[in-house]
Structure formats: C-alpha cells, structure tokens
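Asks: Please find one structure pasted underneath; my questions will follow.
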Amino acid sequence: MKIKTRFAPSPTGYLHVGGARTALYSWLFARNHGGEFVLRIEDTDLERSTPEAIEAIMDGMNWLSLEWDEGPYYQTKRFDRYNAVIDQMLEEGTAYKCYCSKERLEALREEQMAKGEKPRYDGRCRHSHEHHADDEPCVVRFANPQEGSVVFDDQIRGPIEFSNQELDDLIIRRTDGSPTYNFCVVVDDWDMEITHVIRGEDHINNTPRQINILKALKAPVPVYAHVSMINGDDGKKLSKRHGAVSVMQYRDDGYLPEALLNYLVRLGWSHGDQEIFTREEMIKYFTLNAVSKSASAFNTDKLLWLNHHYINALPPEYVATHLQWHIEQENIDTRNGPQLADLVKLLGERCKTLKEMAQSCRYFYEDFAEFDADAAKKHLRPVARQPLEVVRDKLAAITDWTAENVHHAIQATADELEVGMGKVGMPLRVAVTGAGQSPALDVTVHAIGRTRSIERINKALAFIAERENQQ
C-alpha cells in the first residue's frame, strides 16, 4: 500500500507554528515510508478565507521546504463533486432533507439544555413522510447510525470509542447549496486516496462522524493520528501573547528554517536524547508511536539556542542567502565590503538571529555619522592619540592585507609603545566600528578594509583633537 498523507489548512490567517508542526509530521511520515504528501486548501468558509491567507500558507510551506507531491487542491473548486456524492446519498437513503426551521431547532436546543441533555437534532425529518415543494428551503443531513459505536485506533493516543447515540445527524449541505466542512473532508480524503490523517487533537470529535460517512459511502477508512496542542511556557494555549506564532514572523525575526523545523519536530517527538536533527535524520527516524500524547510547551529560548547553532553549523554561503533578505530590510548597500558569507563567519558567534546580524553589520559597509557616545568618552581620549597614529601608519604599510598581518600591526604598535594590547585595541575598535564591541579586532579591521579603516582612524584622531581643544 502506498502511504499518502495530507496537510489541509483553512486559509483564514497565517500558517501558525501548530499547523506547521502538523504539516511537518505529515510530510515526515510520508517521506519515511516513501509515500506522497498532498497539500489541500480547505476554503469552504467563504466569508473568512482570503487569497492573502492562501499566499501566506504557501510562503510558509515553501520557506520550510515542505514540498508537496500533489496539489494544492481547493475545496471551492470541487463543489460539483461534493454535491454529486450528496445526491447519491439521498438516493441511497444515507442522507435526507431536513426542513426544520431555525426557530424550531433553537427551541429544541433550549429544551434539551434545560433538561441537562446534550443539544442534538432529534431526527424529526429523518422519519417524516411529509410532502414538500421542490423549491422549499432545506438542508441535507447525514443519517448517522443510531446504534453501536465508532472505534478507531489513534496512532498516537490508542483506541478511541464514541457511541453513535452521542452523534446527531450532522448537516452536510446548507440551505444555500454549499457542502459543509466535515463532508468535504471525507470526500477529499476518499478521492485523494489518503491513507493516514495526521492532524491536531481539536479534530478528534470530527473523526467518528467522518468515519461513519466514509462507511456509508463504502469508502476505505484512513488511519488517524491526533497531535496534542502546543502551549506557551505558562501552560496556556499558544497565542500571540506568547510572542510570534506565525511561521513567516519567525523568518522576519531572523530564524533559519532549519532551526524552526528542528525545534518543531522535537516539540512532541523524540529519538533518544538527540536534540539536533538534519532533515535526512528527521525523515529516517520519524515514527508516530514516538509522538507524545501530552501537550508541548513552546520555549523561545530553546529555539533561539537552535538558531544560533545552525547559523554557525550550516555552510556560511547558505546562511548568507537567508541573511540577504534581512540586509535588504535594513537598506544596507553591501557592494563595498565583505562578502555576506564572510560576514556570517565574522558575526556568527555573536549573533543569535539573522536580524540581529543585519542590524549590527552596517559599519562593515557604510561609514557612520558619529561614534557611540559612551565608547568615545571612554576610549577616544587624548591618551589614545599616539597609539592610533602609530597603528594607522603600520596598517598603511602592510603589503599583504590579511587578518594575520593586521594582528601583527596592532601587536607591533603595543610593543613599540610599551603598552598593553587593550591600550591600542580599544581605541582602534571604536575608531573603525564606531562602537565598543565587535568581533575580533584583526578580522574586523581586515574586513572593513585598509582604506576605510585608515579614513576612520583619521576621523577618530580629529574627534580627539576637537575634544582636546574643548578642554
């Protein structure tokens, strides 16, 4: 049997991390079994579904490189198929037309609740033989079995049973002729030959209804697996108050897709005590029986740690392709300065996100208007004038411009003036970067370049001279 899974989001908003984890688990299960992964857009909620949300879902899936083998399919383009199946069910007696008014249904609901009963349709039209005009408004209901129970072996939670007496005859077609969500899902899974449905635990109550419809259609019933929810670190359901929840917001905040995928796969699944997984390892090791039944807590600090790891572990050239977007957001012109791959090597240890990297690299490419006030006050003092002049001249005299030779020039300056490296290094750092912190000074000066470094040292010397004149 060919394994076939699906990810079926509703395009009413962005792709959130819970949906992304579900998509990842479905994708991994299919890839682990050499199967196929289908993308289906469940856009039957015409009022809330938007083209922007569809685009956001696609963007998130593409950014995470969760490529699909079929689709995207759109439910709104399959209404003829759904209605044909409903008409067939009406003929076979597994569905019936319901003419009950909203007023009657509301009164029935209030009466049942007053008795402490679970609100459910009482089946009045199921057994009615009244004649109705063809154009009289009605819904179509599924004739749910009235006896027995539905049992399915959830691949994460084990056997789950629902009594058919708990399930009422759900509406499968509205008065406007549009099919309902639970019915469309069933026909889609049947037509698309889905073998395994991996989805959130909020769908557990839909499962027995969908199984009963599948059986009425004499269609194969897929295997179900319901993934637990994701909570914030406070134990409450993950929401915007916990920070970013949109996949693309994590991109915007400077995370690598590898970091988010690695974090999401471990958010409810484990393979021994391994923390770092390549995509190939995820595919190789992923199984549903290793997915936890318990809710997972989202920990941003752990995700940040993973992101820092991947910034430094992945090839700098690859990281640079993602950094480029953030550089563009900061409007930094990188034509005059180090290659972005070299920048990743320079700043990787210091920066936990690509956004932080982009925001802290401007001095490599553009001259700054002024020095950081605190750093200048501390290090660009008259006592720094001679070390800066000497190191400037030694940098200018370097014939082979390498980081190693820059280091020798700084060391030679300290030796010549008989001062510690800090007496040369700190004023030089403030002079060439404008601030008191940077990567190792030799590689920083080397990356900034000889001409620009000397110009900035001269600017710092002018700043010191002006400061002397003001005293």
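Keep in mind that glycine also has a Cβ here, set from the backbone N, Cα and C atoms.
Computed from a predicted structure; not experimentally measured.
This is the feature table in Swiss-Prot:
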BINDING   C98, C100, C125, H127  Zn(2+) binding site
BINDING   K240  ATP binding site
MOTIF     9-19  motif ''HIGH' region'
MOTIF     237-241  motif ''KMSKS' region'
Asks: Please report the three-state DSSP label of C125 (Zn(2+) binding site).
Replies: helix
Asks: Just name the most isolated of the binding-site residues C98, C100, C125, H127, going by other Cβ atoms within 10 Å of its Cβ.
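Replies: It is H127 that, of the binding-site residues C98, C100, C125, H127, has the fewest other Cβ atoms within 10 Å.
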Asks: Can you see whether DSSP assigns C100 (Zn(2+) binding site) to helix, strand or coil?
Replies: coil
Asks: According to DSSP, how is the motif ''HIGH' region' (9-19) divided among helix, strand and coil residues?
Replies: 3 helix, 1 strand, 7 coil
Asks: Apart from C98, C100, C125, H127, which residues in this chain have a Cβ no more than 8 Å from the mean position of the Cβ atoms of those residues at the Zn(2+) site?
Replies: Y96, K97, Y99, Y121, G123, R124, R126, S128, R141
